[in-house]
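Visitor: Following this message is one structure expressed as structure tokens.
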Amino acid sequence: MTAITHVLSSPSVSLLNVIALLSAVATCTWLLMVQPLRLYRYASKRFAIANATLFLYIIAYQNTSIGAFSHSGLLSHLSLFLFALLYQSGVRILFKRHLSLVGLTLVIALVCISSALPFMNAMAMPLSLAIICYMTAAIFFNGTVIKYAALKREFNTLSALMLSIPDGLFIGVLAIAGVSYSSLIFSTAESIWPLSLNMDIALWFGIGLVLLINVTAMAAAVMRLVLKMKFLAEHDQLTGLLNRRAISKTLVSLWLKLSSDNHSATKRERHLRLTKGVLQHNQSDVHKDNNFSVLMIDIDHFKQINDEFGHEAGDYALTFVAQTLSELVRETDYCARFGGEEFIVILTNTTHDTALRRAEAICDHFSKAVWREGANPITLSIGCETATHTKSIDQLLSHADDALYQAKRSGRNQIVAYSSSFS
């Protein structure tokens, strides 16, 4: 294959400089996220190095004096592969996904072997460039899949799709370039370009992709930061359970749902009175789908745990109780740390009798569980009340708290349902 010199027009050089400038700005922006902002430091470092590599790719490309089928052209394509590799690494770290060492090793090995081919036979340059384009596309595809799946799970399909489109376009360009290089393997074409496109149009497209890829990556990082801040605002830092503020919101939501169901049931009752003159109403049955019960839970003799084993053991006891409670309740239930050594569990779609049985099972489980070698089991006192037995959220919590107090006063390690005799 003959070596062909290409000379970029002045507009093309300017557009390449714009891409280089954007890459440099993106590098600085990601470095700012590393220090002093200290946001996603490891992922941001990868994105910064990836953009720095893209900057070097543009510089190398502008210095390609004998066409794409030259060693400098090979270097520019390898720079693009390194950009994809670092970008994928940043995405993987950002979304906390494990690395497939086997797959990555195979891809890098294939790129290294293909890069060596032109040094042995100059005619192998198109094959080498095609393989590099395909492997670059494969690496970028892997990062895009990770990004899309994580964003879809954490946010929604539309957000995931919008933030993954630029990555998909970049993959498409790489795939088309690979196909074009493949078509030149057995050809002596006089053109060095894999695509018969206007150079300026291609570069404008490149500018858009560089912008969008970085903007969407930053948007994903910011969205995850907001999600993390929301999580911290709604969860207890020690146990990871919902905090008092978050569980209060949940209680309001469940109460409104129950009240709406109660209003609908009242309408049905009035209709029965008018049409049949007969009304048989069991409140717990009517509301059993939206009814819920509250378990107010307190760790027995928690101060003794701190005094005997230290505050570190006390913190471990709290996390042990939190984790065990989370395992014992259903996915539709809610569990929160209400303050100190006190926890609250909301059992949804549950009648009063069922709630008592489940509370008994929880209490029994803890009385037999080993939380520390040589230590007595952690026991719980539990107060129970059901929403349909009360007139407000405050009354519901007050009743559950009164029942809890009665359980502790009666000897601890037991469940007590609220009774009007407590007042």
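Every residue, even glycine, has its Cβ placed from backbone N, Cα and C.
Feature table excerpt (TrEMBL):
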TRANSMEM  15-34  transmembrane segment
TRANSMEM  46-62  transmembrane segment
TRANSMEM  68-87  transmembrane segment
TRANSMEM  99-117  transmembrane segment
TRANSMEM  123-146  transmembrane segment
TRANSMEM  158-181  transmembrane segment
TRANSMEM  201-227  transmembrane segment
DOMAIN    290-420  domain 'GGDEF'
Visitor: Looking only at the domain 'GGDEF' (290-420), what is the mean pLDDT?
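Guide: A mean pLDDT of 95 is what the predicted model shows over the domain 'GGDEF' (290-420).
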Visitor: Against which stretches of its own chain does the transmembrane segment (201-227) lie, if we need a Cβ under 8 Å and a gap of at least six residues from its ends?
Guide: 12, 15-16, 18-19, 22-23, 26, 29, 33, 39-40, 43-44, 47, 51, 54, 87, 90-91, 94-95, 147, 151, 154-155, 159, 162-167, 169-170, 173, 195
Visitor: What parts of the chain pack near the transmembrane segment (123-146), using Cβ distances under 8 Å and only residues at least 6 beyond its ends?
Guide: 1, 68-70, 73-74, 77-78, 80-81, 84-85, 87-88, 91-92, 95, 97, 103, 107, 110-111, 114-115, 117, 164, 167-168, 170-171, 174-175, 177-179, 181-182, 184-185, 187, 194
Visitor: How do the residues of the domain 'GGDEF' (290-420) split into helix, strand and coil according to DSSP?
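Guide: Helix, strand, coil within the domain 'GGDEF' (290-420): 64 helix, 31 strand, 36 coil.
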